[in-house]
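Step one of this worksheet: look at the structure below.
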């Protein structure tokens, strides 16, 4: 079987100008980055503000397992299938982070015959957006420490700085560090730490901004920590929002590429869905909706994380409608949810599959709670048996649930035709009755409890003493009306990654919160969530190489 | 008077494809990055290996002062002037580092009507080369710490790791840090520190490599530290040279832009000249020499730093000839070397100028020691009086030294015609008799002493006990035949930045050394040199902004 990169290297890409022309973009509306990548003008949303939006299809999934669901692959495959049906579809995806690329096998560029290309660039530096975010984040850190070193006019308490440095790398030793050692030439010592870039509030801001102007206004509102009087200190107090916005002037422009079947794809912004809000940028999704009749976009991990944040944070900030949802499931992952060990997944096991269906059922209930039409997509793997896929199909059909078997990895858009037809139908039926899970006026505690009970299926939440104090303080500061962004393991509906299937009788432990006032939400950390990953024993980087004549090997 | 960015924003740039076509490059030999930047193929050197090189002109200067000399501006102006004379000239410059851009006013893109454009991109993220170097450097750091955390099969001594993390930022609190705090989930604690990216050995390697193949071979040889048995541990022991090279696959490609007068400029690689080797890449300079009849290139800071390293490190590794040298001086800086305080530089003061000439004289002697033909360029400032510029001209002429008054900031290439005519003449006369300052076979101590005595004018060198031990150890390891890369203040010929003019009777203190075996030199740290700068009290970033419609302000 060919690897993703072998398939990618045999593809024939169109010049990106042809893809742009196919979207009726004029020459001034895009800039080339190499022959197959482009940046779109950040002014398109303004230009097309009176044009009706295309239909927005959200792709989400069951809780992921090491077996993989291929949510990005289905997203790409569905976009390709819609195009094969003669519809004008545009795909909107997140940009991969270099940390996981170097750490674990698996990118965010889809796979097989449903990939976005050039995958080797998309998975490495792409057009530099993550680097620009890293620079802006760390320029702010340097300005904070320089301010303290140079007299600390703002009276910043070095013990209460919430703003961390970032690096787009999996690097556990940077989680907790001490900086400023070695005497007066080396600044004022304090405890600090690095997050991975995709967890930076600047990433969230970039993804939730609707213009350069909005970006700057949000950056100005970032709370970097507190003074000795326990008053919030903001970026605007440091007068650095202009420079930070300048560093992001190109990063805010959505990136245009194409799939292996030449379907246009806008790839922009890449927060993780476990420790951040997990969606590509509003500018990408809304620009795609202006350029296409259908937008296929994904939100990270399962519906408990990505979809919840897409519906309660992103689509609220972006003021757009979601027209239909695809819930991706795989036989392999459902068998794991049914208790099968990873090594035994290639054996047929309908009983385990049946037991694992409760995970899918929970996510279906969640999407129904939001009142959105949906289709279940079974993403086919070569080891699936017809008894297994047939079981899922009958299970859905007997409940009146739309279901489609997709084979987009092996067959590209052709393998997603059935899904495309069913999803078109869903976008055309009037069964949509969208309602958000919570209103902004509710208290932070209520918002967290609603998510935990309704989406995760928890009995209740348990707030740590620190979290309780933070809620009081945040509400005093006027931040109580913000949505919440849950940081929770992706592997379980609960906050314990070992509880697969559909856990019951659990509580969600809320350890602490962090105000992302610029992004416009409060991050709520559950369990042991860390905002900087580590590398595995044998990192994927060990297999990567580039030959003397420039051919890339080992990148998945 | 207009600022640099105002002048830049009024310029009319040609599409980069026209500039490439003017160099007879075919479509496959370059890739666009926006409409006015491009990456050139890294295969051009190989393709044109049998084509004769154009003439290479090195631009250097006296010791810089806060008054500024405008070496990059003269480099750009000279290239433009050569083109006005009908010669096919290509400029080769370094890429600016974001740290100083955010810190102090002053970029590396020239100024006035002798700028490379688009200056706002060049001075910010440009084509991402520095970000790629940062990523590769820090991926290596993460792999080292992960290796130790995961059992440490290579027996790496965490106390003897020489490889530091880097950031392209001026951030003093990162100079000395402790990482890995907080228990087993956060790795193994150790002392560490960040250098600025331009001081990374990977930057030096990128600049000294002649192909992708050479790049990988050099990366494999990087010494990251020592085992508990005090044996060197190299990147190839970690088996990560392939992945690091992959991260640099685009960064190794030289970048093509244009000047304000549409003269082609290749801007690639940007090590500082005080803490690193201070020259743009060999691939940039040699590619420029294949594409133009004249290459105008600069080396950082004064001739004691940049030119010495250009001639003893870069041109040796790149196996190319230097055809002539321009030594840039300004009335203002020479008056400072003659004892005038910075605030009084606008007043005519021929006596101080006369006293300051000794700094210029020393650098002239240095270039004469190398046996290269040269011209002194007086870079005119509006406050210079004709008595002052006339004094320098007579001083040179009475000694038979070629001299040219240049006014390239205000007049562009037109202001450099005289310099261009004189330098063409120098490249055509047979007075060249190039000899390097030292041979590789000499000991490290001899090499350092020769540089200190001949180039700096020191009485002798003084080795710290640590440096003495390192010399013995390095020679045992077989590293004694490498050239040395001096890390010394740019402000003085000595290692004391306060000693202007031409100090005498001083010794150079050698604090310690660092082996850059991959780059192919030994870094020698003198005085208090730090490899991570700090921000000033009022960083330049405070004045930077981008308006809602995308106009950039405050970037110089």
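Cβ from N, Cα, C; glycine included.
From a predicted model like this one, the values you see are computed outputs, not experimental measurements.
Around the Cβ of residue A:71 (ATP binding site), the number of neighbouring Cβ atoms within 10 Å comes to 28. As annotated by TrEMBL, ATP binding site applies to A:65, A:66, A:67, A:68, A:69, A:70, A:71, A:72.
In this structure, residue A:69 (ATP binding site) belongs to neither helix nor strand by DSSP; it is coil.
With every protein chain in view, the residue among the binding-site residues A:66, A:70 whose Cβ has the most Cβ partners within 10 Å turns out to be A:70.
Set side by side, the binding-site residues A:65, A:72 differ in how many other CB atoms lie within 10 angstroms of their CB, and the most is found at A:72. Residues near residue A:69 (ATP binding site) in space but far in sequence (CB under 8 A, at least 6 apart, same chain), listed by position: A:61, A:62, A:328, A:329, A:330, A:333, A:379.
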